[in-house]
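Peer 1: Take this structure first; my questions come after.
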Amino acid sequence: MVIARGLLRSNASSSSSQAINLLKYVTSTGSLQGHTQNLCDASTRHFSSVPSPQYNSTEENGFKGHGMLAPFTAGWQSTDVHPLVIERSEGSYVYDIDGKKYLDSLAGLWCTALGGSEPRLVKAATEQLHKLPFYHSFWNRTTKPSLDLAKELLSMFTAREMGKVFFTNSGSEANDSQVKLVWYYNNALGRPDKKKFIARSKSYHGSTLISASLSGLPALHQKFDLPAPFVLHTDCPHYWRFHLPGETEEEFATRLANNLEELILKEGPETIAAFIAEPVMGAGGVIPPPKTYFEKVQAIVKKYDILFIADEVITAFGRLGTMFGSDMYNIKPDLVSMAKALSSAYVPIGAIMVSPEISDVIHSQSNKLGSFAHGFTYSGHPVACAVAIEALKIYQERNIPDHVKQISPRFQEGVKAFAGSPIVGEIRGVGLILGTEFADNKSPNDPFPAEWGVGAIFGAECQKRGMLVRVAGDNIMMSPPLIMTPDEVEELVSIYGDALKATEERVAELKSKKNN
């Protein structure tokens with residue numbers, strides 16, 4: 001039996017219909033043989049349940065009904081179908097428990113930048129575990145790895161001078177902590193009314209209470225009583241989807257900047273604390289900014305004394321062909337969030353960098369109050385920091401951003417060569433991050449029927465051919481390891497093309513049935 005997981009839509013019937021249709025499709029292809037297979041690729045840093053074909057379990061009883069409350073997964077999936085269980089990784093590939101090999105085109109969850117088998121990172125973790133497996137950073141006690149990592153991060157970030165680094169365990173925690181730091185800063189300056197944060201529609205900043213509130217994806221808010229009332233959302237800078245007829249990219253950027261200013265004036269500049277943005281929006285569909293967008297937005301927030309937070313959780317450490325996304329788009333942030341590639345995801349760690357102006361105020365305020373009363377048990381965990389230090393060395397020694405510049409043109413051009421497909425609305429990206437959006441008639445206003453599950457069909461076809469992609473509705477996202485070889489890029493492009501052709505054929509069948 002094959003069970004497909006439906007996409008999270010506005011109502012349950014849509015999801016059920018889509019799952020049933022996809023189930024019929026995959027069964028009809030004859031590609032899934034033998035034991036139970038399923039279609040369930042968890043969608044993290046985005047919020048739809050995404051089908052993709054999975055494995056023939058060699059386990060007699062499989063893993064149905066396992067004990068995890070699985071993130072971004074519908075309850076029935078855990079009960080009724082087997083998860084895809086990944087057992088090992090090697091370079092740009094992962095292997096399931098049956099030994100099937102997959103090209104990991106999303107680098108886990110945008111994070112295994114150095115691939116799955118970098119011995120230097122394993123060695124760094126092992127040596128630190130033997131030497132000092134844990135010590136905290138409270139009360140002016142800390143460890144050498146945490147001090148060394150903070151120093152290295154401050155020297156690596158060159159978009160502007162930064163003052164201090166605060167360590168977290170994830171990007172969600174980093175963005176959550178940003179809100180506390182900004183409030184602490186403004187309270188210290190006697191500006192207690194500066195509490196509101198402006199984020200963008202379709203943004204993703206995490207899944208904690210505050211970071212999910214900052215995120216502009218409705219599925220993160222539903223039934224969680226979110227977003228928090230101090231969070232506002234402004235326009236998503238997706239030119240293809242939202243530009244007006246005849247409007248150029250620069251005109252579009254100007255309109256969005258004007259809308260942002262109108263929102264600030266409506267709420268009162270004295271109430272707005274910060275604006276947060278990803279240099280390239282990730283889980284919202286891989287959306288690079290339109291020309292001059294960040295130039296205009298930075299001018300607006302600076303005009304009204306509003307802090308700029310750069311969420312570099314996905315874009316830091318070479319993803320775009322620059323060490324940080326801020327370098328590519330000339331962003332001069334007051335605060336920066338990072339995680340994921342910071343340790344190539346080998347050990348959980350995140351970090352915040354704050355400007356000297358902010359760190360000086362925090363320093364002064366903590367002296368008045370007796371301490372800076374924020375932190376986590378694992379802030380600056382020595383093993384995580386040791387691995388991150390080694391990862392940063394590799395990024396610099398191997399000049400990973402330059403490697404990305406060398407291979408990304410073929411990655412981008414190879415996939416974008418399929419933009420003429422009748423089922424593709426847009427293919428967009430920069431560096432080693434890319435998104436495909438399926439649409440009828442090349443129009444953002446003509447989505448395919450949700451129950452067809454076009455994105456899910458494509459994901460299933462990719463996985464059948466040995467490649468894992470991220471599916472979110474009719475959006476496909478890829479963000480492969482930064483160490484990809486030219487041959488692996490060719491493999492990715494080839495599988496993409498074959499999967500697209502099969503998806504086109506299936507869509508043609510669905511259209512024919514609809515018209516008959």
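Backbone N, Cα and C define each Cβ position, glycine as well.
Predicted, not measured: the structure shown is a model, and the values here were computed from it.
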Peer 1: Same pyridoxal 5'-phosphate site as Gly171, Ser172 according to Swiss-Prot: which of Asp305, Asp311, Asp327?
Peer 2: Asp311
Peer 1: Rounded to a whole angstrom, what is the C-alpha distance between Asp311 (pyridoxal 5'-phosphate binding site) and Tyr204 (substrate binding site)?
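Peer 2: Cα to Cα, Asp311 (pyridoxal 5'-phosphate binding site) and Tyr204 (substrate binding site) are separated by 9 Å.
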Peer 1: Work out the three-state DSSP category of Lys340 (substrate binding site).
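Peer 2: SS state of Lys340 (substrate binding site) = helix.
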Peer 1: If you measure every Cα to Cα distance among Gly171, Ser172, Asp311, the residues said to bind pyridoxal 5'-phosphate, what is the biggest one in Å?
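Peer 2: It comes out at 10 Å between the most distant Cα atoms.
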Peer 1: Look at each of the binding-site residues, Gly171, Ser172, Asp311, Lys340, and point out the one with the fewest other Cβ atoms around it within 10 Å.
Peer 2: Ser172
